[in-house]
């Protein structure tokens, strides 16, 4: 009886243990399956978010690039540079954005500087200052832009002082004129009272005084010989007095010849500026280079070239830009002269003009060779700038006979 009970309880316990362990295994399997589903959903969500982020970045990149090209087309170079820089932040190693930044940095800086120089020559210093500041924003380390900005500020300050001084002088002049008028009125009143109290002289005596004070008619006064010896080229001009006592000519010709020569000597300061290039003070040299660039005198070309050997890279950049300004303003009249010579009636003159143009072409070919070498420079910006310059040179119109030869070659190729 006891054995039967023990067997019953043992079987019952084994059955219960199997049921409990089976349910636990099932619960563990269900839990593991649910956690795997959650992880899979999380990964899918992350991928979706990442794709959405990449898509948004691509759209933003394209928007920045399109806005940069549009601003460049409208010649708003600063805005274009900002858009291209934002696009490069989104794609740090993007070649299109890097090339756009290099190109706009090179030619936008040059155009702003040229606009500033033009406004400076027209004495529109405020517009010049705005353009120089835009150029300095593109190249913050440009010494020439900083120098130009400082000079424009000095010119504007000098103009402001000159406008204030005339107003002050005008008030002083009005006060002085008013004082003179009051003094004249008081003097006239006193004189009137004195004449009224005194006795009037006879009429004959007054007429005699008038005739004695009046110089003879058509009196000729010659310039002394001493003045004619000082200025031998100037003829002595007689001074003729009229019957009413007024002189017809009161200025001597010798005095008129002094002022033009003195003003010319004051204006021609190019030799003094060339001598200032040899000073040891860098600030004076920079200001001198700036003044020579503004005057565009070809006499400064050789001294500037000689100075480039003994100065640092910053001053070399200043000298190079100054020489560019001088050359550009010197080549314009030479170009006009060559164009007029090509239309001259004399055939010999036209031939000489063509020979001179071939010399200019030889210089251009040398420059093109050097630019082709600069394309392989170690610096990436130098390479991009050289490529841009070659593209600008390649945009020159073709010669008509070259176009005809190319067309003939195409026709012969098609026939074959």
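Cβ coordinates come from backbone N, Cα and C, glycine included.
Taking TrEMBL as the reference, the stretch among 127-149, 150-172, 173-195 described by the feature transmembrane segment is residues 173-195. Residue counts for the repeat 'TPR' (61-94) under DSSP (helix as H, G, I; strand as E, B; rest coil) come to 27 helix, 0 strand, 7 coil.
In terms of DSSP secondary structure, the repeat 'TPR' (109-142) contains 27 helix, 0 strand, 7 coil.
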